[in-house]
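**Q** Have a look at this one.
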There are 2 protein chains.
Amino acid sequence: MANDLRLGVAGLGTVGTSLVRIIHNKARALEKRCGRRIIVTAVSARNRDKDRGIDLSEANWFDDPVALAESDGIDVFVELMGGDSGAAEDSVRAALKASKHVVTANKALLAKHGVELARSAEANNVSLNYEAAVAGGIPIVKTMRESLAGNDVTRVYGILNGTCNYILTRMEREGLAFAECLADAQRLGYAEADPTFDIEGFDAAHKLAILTSLAFGCEISADSIYVEGITSITTADIEAADELGYRIKLLGVAQRTDTGIEQRVHPTMVPKSSAIARIDGVLNAVAVDGDAVGEVVLAGPGAGGNATASSVLADIADIGRGDRAPTLGKSADELEPYVRARMRKHEGGYYIRLSVFDRPGAFATIAQEMAAHNISLESIVQRRRAIKSDAPGNSHPGEPAPVILITYETTEEAIKEALGAIDAQNVIADKPQMIRIEKLT
Amino acid sequence: MANDLRLGVAGLGTVGTSLVRIIHNKARALEKRCGRRIIVTAVSARNRDKDRGIDLSEANWFDDPVALAESDGIDVFVELMGGDSGAAEDSVRAALKASKHVVTANKALLAKHGVELARSAEANNVSLNYEAAVAGGIPIVKTMRESLAGNDVTRVYGILNGTCNYILTRMEREGLAFAECLADAQRLGYAEADPTFDIEGFDAAHKLAILTSLAFGCEISADSIYVEGITSITTADIEAADELGYRIKLLGVAQRTDTGIEQRVHPTMVPKSSAIARIDGVLNAVAVDGDAVGEVVLAGPGAGGNATASSVLADIADIGRGDRAPTLGKSADELEPYVRARMRKHEGGYYIRLSVFDRPGAFATIAQEMAAHNISLESIVQRRRAIKSDAPGNSHPGEPAPVILITYETTEEAIKEALGAIDAQNVIADKPQMIRIEKLT
C-alpha cells in the first residue's frame, strides 16, 4: 500500500459535510478502490463551534484557508467554499503554488480563472480536478476530458441548472405561473433567497464555459456567452410548446460554427421525443456530439450534498490512484484562443408568440413582415380566441389575442428585424416572445 | 514528451479499421491529449491482402496474433478479434504475461475469464481496459470503475443490446411482428445471420456480468444470470403495455438482495415516463443507482465501428497518460465471491397475458387461482373481444380471447404456481405470457 492520501477540506457546508461523512463511513472501500487510505487531516470553515454531525477530532482546524492550503500536513486541497475571488481564489492559488493537488466544486472560479489555474497546476506538477463544478453528480468532466479523447466534438449542450428545470417542470405539469414555482423552489431549498444567479442563466453559463473549453480544446471564455434566463416564460408558451410537440428547457449550448465558437444559454424548444426533453425536475443532463462516437447523453442529479460529494470523491480517488489528466484535457499552452462566433448568424427555427390586436389587417401586417425578411412559417397557432382581424367587415378593434408562429430555419438577425418592424406598426400589444428551437436527433 | 505509445492491433474488422483510421487522422490531437504519440506499429488479421482503405505500410504484419502480442515492438496489445477462447484468449493471456497493456472490446472473453485476466494484469503491472466491451461508445466502465468510487451501488440496469432494442422499437412504432423486424435488422446489418446470441439475451448477459462485478466489487459470474430473450414478445403485448403506460425493453438488471446478488436479463415493462423508456432503436443506456450520487444514466450508441473505436481509443489514451485503474475497480484478490440471490424470491409487479377460452367460469377460475396464491390485481384489461364466460346462461364455449392482468408486487414463485394451476384447469389456450415490471424512479 502507498502512503495515505491526506486531505485538507476548506468549506464545511452541505457538500463538505457530506464529503467528510462519506470518507469516514467508507474508509475501507475507498482504500481498496484507491490502493491507499484517504484521510481528512485538516479542515477550515467559518464557524468552528457549529455541530455538523461529523467527527473532526482527528483533523487540524485552520481559521485561514490559505494557511490550510499551504500546510505541510496535506497532499490534496479540497476547496468547497465557493466564489470566484477572495478566500476561494487565494487558497486555490496558494495550494497549487505549494504543489498540492486541488479538488474543487467551484464553477465560478473555474469559469473566471480556469486557464490560469490549469497553467499553475501544470507548472507545479499537480492535478486540478473539478468534476463537481459541472452538473453535480454527473461524470461529465471525466467523460469529456478522458473518454472522448478520440473525438472531435461538434456540439455540447445540456440542462445545467436544476433550479430552472424544476421551475419549468412544475409550470408544465401543473400549469402554475413562474412566480409561484419559484417561490416553491425557494421554500424547498432548490433556489436561493436571491434567485437571480440561477433563473437569469448565469449559473448555467459558468458550467457551459467549462464544458466549451473541454469540448473544443480552447480557452475558457465565460464573458462570451449569450445568456437569457427563464423569467419571460409563461404557461401560454409551455402550453403552445406542448401542442406543437415541444418542451421548453433552459439549455446551455456550445457549438463550432464557420466563424468561431458559439456559446449560448437560453430557453429552448426541444422535441418531446428527444432524450433531453425527458429530464425533469432538479435533474441535469449533458449531451455531447462527437465525430467518432455520435451523441452520448449523461443524466443525473445536478446538485445536493451527497451527489456533489460523490463527484468530489471521484476526483480525490483519481489523485489517489495516480491518474493525472491535464486540467482542460490538454496542456494549457496547447489550448486554442477562444474565437467567438457571430451570434446573430445562428441559424435555426424559432417559436414566436405575439399578442395581436384584433384589428383589421393586423395579421396581414405580420405575415407581410415575415415574408419581407425571408422567414417561412412552418405553423401558425391561434390560441383561445380566433383573430377575425383579416375578415372583411370587421372594423372594431378588439382585445389582443395570442398568435404563435413556428418558423423554418432562419437567422436570429432576420427574426429580430421582422419583430422590430411588426412592433413599429402598432399591431401587437406586448413585447414579442421569441424562443429558439434546437435541432436534436 | 514521453516515448511513443506503440500499439499492436489484432483484428481488422469494422472496429479495427475504424480505430486505425482515427489514429491516423487525429495523430496530432491525440498526441496533445495523451502527452505522447500514439502509433500502430503492428497488426494482425486473417486476410493480409484485403483492401481496408487504411494505410498499414508502417505496421509490421503478423499472421499469428499471439506472436504479435508477445512482440517487442509494442507497448499495448489491442484485441479486436472476438470470441471467448482460441486466438483471442491465447493472445490476451500472452500479452499480459509479456507485460503488455491490453485493450479489448471482447465482452465474451471478459465475462468468462475476466477475474483471471485481471489477476494476470495486476501480476504483470499492466492495464487491462475494456470500455468498448460494454455498451459500445458509452463510457460506462470508466464511470463505474472511477467516477463512482465513493458510492455503494445498489442496482445497475440497462438496455445492453441494440439489436433487441431496434426490434422492439420497430414493433412498437409500426405494429410489425417480431419476425419481420428481425428480418429487417438482419438486412440492415444490425443482426447476425444467426441472431440467437442477440435475441435470446446472451449478448446482454455477457455485458451485465461485467457491470455486476464493477457495481458490487464481486467476481464475475456470467453463468449465474437468469436469461430470457425477446422472441416471445408479440405486438399484443406491446399494445397492452402502451395502454397501461409502459414500454417493453430487454433489460439487464443486477441488484443486491438479502440473499445475494441477483442478475437477470429479460423483457421488462418500464414506465413510459422513465428515462430508459425513451432509449430507442440501436441505442444503449445504462443506469446506475449509487447511494451517494443517486441515479446516473448514460445513453448513446451501443455498437458501430466508430463508436466502438471511440471507446477503444479512450482506453488507449488512459494508458498513454499513465492512468492505471484496477481492471475490476479494485485488486482482483479483493473481489468478493459471487453469491447468487435466490431468483424466485424476486419481488415486483407482473404483466400477464392469457389466452382465455370463452367458457363458463373461466375467468372465475383465473381470479380464484390468483387469490389462492395471494396475488392482488392492479388492473385487468380484456382486449378485442369481451369475455362472456362468467355471464349466466352462456354455455357455448367460444374462441379464446386475450386477457391482460397487472399484478401488485408479488413473488415470481407465486406467479409461476398460479399460472401452473390455471393451466391445469383447461381455461387457457396457450402458454401464458409473463413480463416483469421494473420499479424505476
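Each residue's number is its place along the chain shown, starting with 1.
Backbone N, Cα and C atoms are what each Cβ position is placed from, and that goes for glycine too.
Heads up, here are the entries from TrEMBL:
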| type | residues | note |
| --- | --- | --- |
| BINDING | A:Ala10, A:Gly11, A:Leu12, A:Gly13, A:Thr14, A:Val15, A:Gly16, A:Thr17 | NADP(+) binding site |
| BINDING | A:Lys107 | NADPH binding site |
| BINDING | A:Glu192 | L-homoserine binding site |
| ACT_SITE | A:Lys207 | active site, proton donor |
| DOMAIN | A:351-436 | domain 'ACT' |
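What does the local environment look like for each feature on the list?
**A** Within 10 Å of the C-beta of A:Gly11 (NADP(+) binding site) there are 26 other C-beta atoms, taking all protein chains into account.
Taking the Cβ of A:Lys107 (NADPH binding site) as reference, residues of its chain lying under 8 Å away and at least six apart in sequence are, in sequence order, A:Tyr130, A:Ala133, A:Val134, A:Asp203, A:His206, A:Lys207, A:Ile210.
Around the Cβ of A:Glu192 (L-homoserine binding site), the number of neighbouring Cβ atoms within 10 Å comes to 14.
Secondary structure at A:Lys207 (active site, proton donor), taken from DSSP and collapsed to helix, strand or coil, is helix. The Cβ neighbour count for A:Lys207 (active site, proton donor), using a 10 Å radius over every protein chain in view, is 27.
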**Q** Which entry in the list of binding-site residues, A:Gly13, A:Gly16, has its Cβ near the fewest other Cβ atoms, using 10 Å as the limit?
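**A** Result for the binding-site residues A:Gly13, A:Gly16: minimum number of other Cβ atoms within 10 Å at A:Gly13.
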**Q** For A:Val15 (NADP(+) binding site), just give me the three-state DSSP call.
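**A** SS state of A:Val15 (NADP(+) binding site) = helix.
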**Q** For the binding-site residues A:Thr14, A:Thr17, which Cβ has the most other Cβ atoms within 10 Å, all shown protein chains included?
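**A** It comes out as A:Thr17.
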**Q** For the recorded NADP(+) site, whose residues are A:Ala10, A:Gly11, A:Leu12, A:Gly13, A:Thr14, A:Val15, A:Gly16, A:Thr17, find every other residue on that chain with a C-beta no more than 8 angstroms from the centre of their C-beta atoms, and list them by sequence position.
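**A** Result: A:Val9, A:Ser18, A:Leu19, A:Ala45, A:Leu80, A:Met81.
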**Q** Treating G and I as helix alongside H, and B as strand alongside E, what does DSSP give for the domain 'ACT' (A:351-436) in helix, strand and coil?
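**A** Tallied per class, the domain 'ACT' (A:351-436) gives 23 helix, 28 strand, 35 coil.
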**Q** Is it possible to get the count of other C-beta atoms within 10 angstroms of the C-beta of A:Val15 (NADP(+) binding site)?
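**A** Result for A:Val15 (NADP(+) binding site): 25 other Cβ atoms within 10 Å.
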